[in-house]
Amino acid sequence: MLKNFEHFVSETQVTPEIAEDLIDRAEAFKQGAKPEVATPYYAANLFFENSTRTHTSFEMAERKLGMTVIPFDPVHSSVTKGESLEDTLRALAAIGIQVAVIRHSQDNYYQPLIEANVPLHIVNAGDGAGQHPSQMMLDLMTIREEFGHFKGLHVGIVGDLVHSRVARSDMAMLTQLGATVSFSGPKSWYTKDFQQYGDYVPLDDLIPQVDVLMLLRVQLERLTAAEKTEFSAESYHERFGINQARYDRMKPGAIIMHPAPVNRGVELASDLVLADRSRIFKQMHNGVFMRMAMLELVCGK
Amino acid sequence: MLKNFEHFVSETQVTPEIAEDLIDRAEAFKQGAKPEVATPYYAANLFFENSTRTHTSFEMAERKLGMTVIPFDPVHSSVTKGESLEDTLRALAAIGIQVAVIRHSQDNYYQPLIEANVPLHIVNAGDGAGQHPSQMMLDLMTIREEFGHFKGLHVGIVGDLVHSRVARSDMAMLTQLGATVSFSGPKSWYTKDFQQYGDYVPLDDLIPQVDVLMLLRVQLERLTAAEKTEFSAESYHERFGINQARYDRMKPGAIIMHPAPVNRGVELASDLVLADRSRIFKQMHNGVFMRMAMLELVCGK
Amino acid sequence: MLKNFEHFVSETQVTPEIAEDLIDRAEAFKQGAKPEVATPYYAANLFFENSTRTHTSFEMAERKLGMTVIPFDPVHSSVTKGESLEDTLRALAAIGIQVAVIRHSQDNYYQPLIEANVPLHIVNAGDGAGQHPSQMMLDLMTIREEFGHFKGLHVGIVGDLVHSRVARSDMAMLTQLGATVSFSGPKSWYTKDFQQYGDYVPLDDLIPQVDVLMLLRVQLERLTAAEKTEFSAESYHERFGINQARYDRMKPGAIIMHPAPVNRGVELASDLVLADRSRIFKQMHNGVFMRMAMLELVCGK
């Protein structure tokens, strides 16, 4: 059973049981279930970093929950006058905002806010290189929707492990839920953090084994100079990207996931973005219903 | 009769019959007719170029149709991470956006999107120096509202023909609808493209002949160095602008139109922006109802 | 009794009687009274200067009144093409906007608009160093809520009098309503304008006398070079800021107000922002109901 969360900021709040319950609720929303959120209910989205998908997805989820969304533009806010995030949130709460969905470049930005007892709910839409719980949950939903369960599944996570919010959170939860995780891509990115969760397997060995191939975005803008020399788009694609030949060697029923935006021709051949095995746009579609479930958990009656 | 459009991107989609039907429907909305669009219906406006009038007018039209508008800010979107417009639209569609109203600086930006079968409706709010169908349609609506018909009307189009989206689309449709078109303003801007649609007539000869004087904005920012030297605001106004003396020589019942924003004192004397013959703000007012009709044509039941 | 205002732009429109009536109405909204504004009613907020609190508060007030808010972003508007504010407002009115809430850096920006008879209502959300009537009204509401009346109250206004919209408007109305006003802070900022409204009193003498200590934001970005040398954050706080020792010497029942954002550790010790006497967030909370009352006065049936 879901217990009410005051804030939803970290994957560490999600037990396997809570994950299953959230997926159940998101699936119910997808089938048309009515939300249990009081109306009017006032939300604001504070995106201090760019994002199309996550921002728009939360906006949609809020409206589907019947919430009233009050626009907030960080660029034109008093944050530019040096106001702290805490004082900004206290102001929004005083004005009547009940839930703030926040994306911020600083790791754990939410910790001091929660310690200061800011008088509104916080939902974390991504912090620095830290947590991104709604992305983890929509990934889990998409996997369970496909296979009906997690136990015994083999998930291969391929690519920029070091800079990815997604890899860390997904691998931890997937192993708790009974799946096996393996890693591939540039071996230098398979650091100690990942070794407790799964083995490194060369890509061409991994491909025929996995049920889920989870590709990570190469964040070209975050690579070191040496990495940029080593991994041009072409060389990355040749060594670690999914092309038609690799695609054809996947197991029957196996799927491809990617948190998007995809670098077409790098992680995945452009022609395969919409291929049969691709669940990339389904992930985004599921994201709206999952965010409804998460927001309802925090804001519901 | 109106047949349903999957996208509304080009004036070439508009036959004289469709134009008349759209004007009928826009006039009905102006009289309070109920829209036939399912609710909820999710729209997003993607304006990659600045615009007050067109953007705000579509926002209003969407709300008057009962649509839910999900905000989208290109500046803070993943487009800045290099995502293609196609992938952005696929993401928005996955999230639940059903119609995207787009203004973009690139001519024919919509062509590859339609060929790629993006799974949402596109309404073109202006592309590069190309099409601007909603502006054409609101111009036609304003003319028909005034005179009741197009046949036999004489329309003079004056000014920056070369850089104007409006001139090209209006002249083609007006001649199809039975009106006569003439051109005036700097003769160097009367290029071959325009000669098949109508004659060049010196401004002071043209003025007493026309029913509609359609002034075009001088896009000072797009002029060549030579043009800037030749056409200071003052010299343009003296040679090709409408001042009180020229205004007084217009035919009884003749009107002035302008797509706005007006350069006051250049195309038109400042005092004449609100003069009796000016339909400039009526054009904007009609634009909302015309955009309702166009969106309904694309998105309606 | 409230008479209908066509525009609400200046504190000079507010008589003591109107102030009391507006506070009555705002308190009624706070208790859940239903607004008397037609629906749909179309509003736009034109913020040419940054503001979190005021902008968000008006957005909230409009929605609580049942208005439809059409987004307007000055940065991406035709204002960047050199369009005048008058023509922008005429365009918005033609499109159907019925009330424009405007913040602008230019003093009295609204005067030429009203003289030009722009066909929509204007509510001033702050002009240059001029008027900020909604801030004045929410201050008055917060004081009356606390004490039940104004007569005989002693209000101390402390700080950057010269650059403050708040000081000038509040002092004038408070004296009309029967309160006594005194000033403190850097004596060089106590210029001739203020002398007719009240005396300058050294801060430590003032503190035990006042019922309301109204702190003004030090606008560090507006200080002269000499002032910046004289008033570092630390030295300002020591000489003119409220620390615990000064806080403890306040009268029983006395309160602290501040228009926010607070420079924590400058005007007020960080620990005291949420202290018992602080009404800073209550001011913001009241602001929403006061703006509802003001908008209803302008736009109501």
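Cβ coordinates are placed from backbone N, Cα and C, and glycine is handled just like the others.
Nobody curates TrEMBL annotations by hand; they come from automatic prediction.
Summarising the annotation, TrEMBL assigns carbamoyl phosphate binding site to C:Arg53, C:Thr54, C:Arg103, C:His132, C:Gln135, C:Ala260, C:Pro261. According to its DSSP assignment, C:Gln135 (carbamoyl phosphate binding site) is helical.
In the structure as shown, the Cβ atom of C:Arg165 (L-aspartate binding site) sits within 10 Å of 20 other Cβ atoms. Per TrEMBL, L-aspartate binding site is recorded for C:Lys81, C:Arg165, C:Arg217.
Sorting the domain 'Aspartate/ornithine carbamoyltransferase carbamoyl-P binding' (C:7-145) by DSSP state (H, G, I as helix; E, B as strand; all else coil) yields 67 helix, 22 strand, 50 coil. The domain 'Aspartate/ornithine carbamoyltransferase carbamoyl-P binding' feature in TrEMBL is assigned to C:7-145.
Positions annotated as domain 'Aspartate/ornithine carbamoyltransferase Asp/Orn-binding' by TrEMBL: C:151-297.
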Chain A neighbours, restricted to the binding-site residues C:Arg53, C:Arg217, C:Ala260, C:Pro261, by C-beta under 8 angstroms: C:Arg53, C:Ala260, C:Pro261
Secondary structure tally of the domain 'Aspartate/ornithine carbamoyltransferase Asp/Orn-binding' (C:151-297) (DSSP, helix then strand then coil): 66 helix, 22 strand, 59 coil
Sparsest Cβ surroundings (other CB atoms within 10 Å) among the binding-site residues C:Arg53, C:Arg103, C:His132, C:Arg217: C:Arg217
Among C:Thr54, C:Arg103, C:Gln135, which are recorded as binding-site residues, the nearest neighbour of C:Arg165 (L-aspartate binding site) by Cα: C:Gln135
C:Arg217 (L-aspartate binding site) as reference: those binding-site residues from C:Arg53, C:Thr54, C:Arg103, C:His132, C:Gln135 with C-alpha within 10 Å of it: none
Any further residue of that chain within 8 Å (Cβ to the Cβ centroid of C:Arg53, C:Thr54, C:Arg103, C:His132, C:Gln135, C:Ala260, C:Pro261) of the recorded carbamoyl phosphate site: C:Ser51, C:Ser57, C:Gly126, C:Pro259
Residues satisfying Cβ distance under 8 Å from C:Pro261 (carbamoyl phosphate binding site), sequence separation of at least 6: C:Thr52, C:Arg53, C:Arg217
